[in-house]
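Chemist: First the structure, then my questions, so here it is.
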Amino acid sequence: MLERVAVLYNPLSDASIKLSRELADWLVERGVKTTRGVSQEFRDQPHLVADCDLMIALGGDGTVLRAARLCFPHNIPVLPVALGHLSFMAEIGPDEVYSGCEQIMNGGGWFDERSLVRAQLWRGGQKLSQHTALNEVVISRSDLSRIVNVHVTIDDSPLTTYHADGVIVATATGSTAYALAAGGPIVDPRSQALVLVPIAAHLTNIPSMVLHEDAVVTMQLRSRHHALLAVDGRENIDLIEGDEVVVRRSPQVCTFVRLRPSNQFYTQLVARLRRS
């Protein structure tokens with residue numbers, strides 16, 4: 001039973017704005033208290049998310065990531081609706097959103113819990129910041145710098161120093177995003193494993209790796225020139241030599257509402273890879 005729904009739309013997409021209005025009206029007509037807005041509005045008024053039963057995200061993967069960041073602290077599930085090509089995150093399009101909502105209101109669908117990773121930035125023995133990602137945490141060279149040297153330790157055991165454009169630590173969900181483009185393996189999104197992927201590494205015999213779910217990955221910048229820390233493609237925090245980024249699985253999860261059977265992942269995977 002849905003009592004309160006938040007509808008997140010992309011303000012730069014006419015299709016997303018239009019559908020959000022129509023969907024909000026449709027939900028209200030059926031007795032569902034509905035709030036529509038952009039991510040900044042929901043960040044400024046977190047109670048609008050905390051009080052709802054579901055957030056519907058209308059847009060591409062960027063909109064879904066914004067919805068995830070808004071919802072996982074409150075354990076609120078997200079229904080992603082793709083405007084354009086279906087993606088690895090969104091399995092339904094605008095033509096299915098109304099029937100999908102009816103299915104959910106009638107008790108249908110299932111919860112797809114996705115692992116998150118938590119990254120802590122340390123400098124000189126002090127923790128500067130902490131971040132949570134659904135897809136990946138990346139240390140990469142800045143636009144003007146040469147390759148970066150990133151020393152990687154796993155569970156306090158030194159692995160290697162990558163001389164590369166960057167290093168990715170991804171969740172299983174993120175294995176089909178930037179990590180895949182960088183040559184990493186695809187991991188079933190229901191897995192809690194982590195994926196370590198160097199980006200355009202030079203002179204290394206340590207390839208991409210799938211790590212156990214409780215692995216603690218420490219990446220230390222060993223380059224004199226600066227690098228950047230990105231979390232799900234955002235933040236872009238400047239790093240200096242000696243900075244450490246410690247990544248581990250978060251105790252929190254992000255929950256998606258799914259309407260298709262869970263065994264369709266591999267069929268959908270092949271179809272989307274053929275299209276890309």
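Each Cβ is built from the backbone N, Cα and C atoms, and glycine gets one as well.
Okay, these came from Swiss-Prot:
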BINDING   D61, G62, R66, N135, E136, R146, H163, D165, A200  NAD(+) binding site
ACT_SITE  D61  active site, proton acceptor
Chemist: DSSP three-state call for A200 (NAD(+) binding site): helix, strand or coil?
Modeler: coil
Chemist: Can you give me the same-chain residues 6 or more apart in sequence from H163 (NAD(+) binding site) with a CB-CB distance under 8 Å?
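Modeler: In sequence order, the residues whose Cβ lies under 8 Å from that of H163 (NAD(+) binding site) (at least 6 apart) are I147, V148, N149, A201, H202, L203, T204.
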Chemist: When a 10 Å sphere is centred on the Cβ of D61 (NAD(+) binding site), how many other Cβ atoms does it contain?
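Modeler: Taking all protein chains shown, D61 (NAD(+) binding site) has 19 Cβ neighbours within 10 Å.
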Chemist: Quick one: give me the count of other CB atoms within 10 A of the CB of R66 (NAD(+) binding site).
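Modeler: Result for R66 (NAD(+) binding site): 23 other Cβ atoms within 10 Å.
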Chemist: List every residue in the same chain as A200 (NAD(+) binding site), at least 6 positions away in sequence, whose Cβ is under 8 Å from its Cβ.
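Modeler: Listed in sequence order, they are I147, A164, D165, G166, A182.
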Chemist: Rounded to whole angstrom, what's the largest C-alpha distance between any two of D61, G62, R66, N135, E136, R146, H163, D165, A200, listed as binding NAD(+)?
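Modeler: Binding-site diameter by Cα atoms for NAD(+): 32 Å.
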Chemist: Excluding near sequence neighbours, so keeping only residues 6 or more apart in the same chain, what lies with its CB under 8 A of E136 (NAD(+) binding site)?
Modeler: V117, I168, V169, A170, T171, G174, A177, Y178, A179, V231, D232
